[in-house]
Amino acid sequence: MNKSLIFLCILLFLLSIVSLFIGVYDFSLKGLLSGDLTDLNLIIISRLPRLFGILITGASLSIAGLIMQTITNNKFVSPTTIGMMEWAKFGIMISIVCFGDQNQLTKICIAFAFTLFGTLLFMQIMQNLEFQNKIIIPLMGIMLGSIVSSITVFVSYKFEIIQNIESWMQGSFSLVIKGRYELLYLGIPFLILAYLYANKFIIAGLGKNFSANLGLNHKKVILVGIIISSVISACIVTTIGSIPFIGLVVPNIISIFMGDNIKNTLPLNAICGALFVLICDILARVLIYPYEISISVIISIIGSAIFLGLILRGNRG
C-alpha cells in the first residue's frame, strides 16, 4: 500500500503541474520565473485556486462517500445516491429566496441545515423499512433526491431565480478564482475528524447491538458521520456546484483492491478522489479546447459506467 500511495502522490503532483498549464490563456515558464506580472497573476488568481479547489473537492467527496458507506454498511450509499447534493441545492434556493444572492457563508449554513435534515430523514425511513437487496436503498435515495430537485426547480421558476440556481445544478471549476473558493477550506477540519473517528465508524456500521457491546454510543457516531458528510456536501455544492459519483465510485474501487479498513485506506481515498477529479477536469478542458465541458458531464459519464459495473458485480456476488 505504501508503494501505491507514493506512486499516486507522484502522479497527482505531476498532473497538478500539467493542470496549471492548461487553459485558454497561455503563459511561459520563462515569464513566470522572470517575474512577469501577467503570468504571476494568472497563476495566483486563477490556476492555483482552481487546482486547490479540485483537490479539496475530490478528496472531500471521496471521504464523505466512504463515511456514509461505512456507517450504513452499504457500498452503494454516497452523497449522490441518498440525495445529499439535492438537499444542499434546495437549501441554497431557500437562502436566495429568503436572504438574496449575497452571502456565501449564509448559503453554506442553510445548505448544511437542509442537507443534515434530509439525510437524517432518509436514514430514519431506511431504518423503518427492511430491504434484503442493498441496491434498493440508493435507488430510493435517488428517487427522493429527484423529488427534492424537482421542488427546487419549481420554486426557482416561481420566484424567477432559476438563473441563479442553474450554476449549482452542474458543478464547474471554470469560475473558481481567488476569493471565490476559500470556503471549501471549512471542510478540512471535518476531514481530520473523519480520520479520528474512522474506527468508530467501522464499529457503528456493524449495528447497534455490536456497538453497545463495545461501549460505543451508536447514535452519536452515526450523527457525527452524517454531520461530516453534510458539511462537506454543503461546502462543495455552494462553492463548486453538484459533483456526482465521486463518493460512490472511488471508495468502492479502493475497497476492491485494498479492503475495508477505512483507518488505513482513508488517505488513499482522499488522494484517489483528488486524482479522479483532476483527471476529469483536465479532460473537460482539452476535449473541445479552447471551450470547456462541465466537469459534471465528464464525471457523470465515467461514474455512471462504473456505478453500473458495481451493481452488476454486486448482483453476481
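Glycine too: its Cβ is placed from the backbone N, Cα and C atoms.
Per TrEMBL, the features are as follows:
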type	residues	note
TRANSMEM	44-68	transmembrane segment
TRANSMEM	108-129	transmembrane segment
TRANSMEM	135-157	transmembrane segment
TRANSMEM	183-202	transmembrane segment
TRANSMEM	222-254	transmembrane segment
TRANSMEM	266-287	transmembrane segment
TRANSMEM	293-312	transmembrane segment
| note | Maximum Cβ pairs under 8 Å to the transmembrane segment (222-254) among 44-68, 266-287, 293-312 is reached by 44-68
| query | Short question: which residues 6 or more past the ends of the transmembrane segment (266-287) have a Cβ under 8 Å from it? | reply | 1, 4-5, 8-9, 11-12, 15-16, 18-19, 22-23, 50-51, 54-63, 66, 173, 191, 194-195, 198, 243, 246-247, 249-251, 253-254, 258, 293-295, 297-299, 302
| note | Per the Cβ under 8 Å criterion, with at least 6 residues separating them from its ends, the transmembrane segment (183-202) contacts 52-53, 56-57, 59-60, 63, 67, 70-71, 104-105, 108, 216, 221, 224-225, 227-228, 231-232, 235-236, 238-240, 260-263, 266, 270
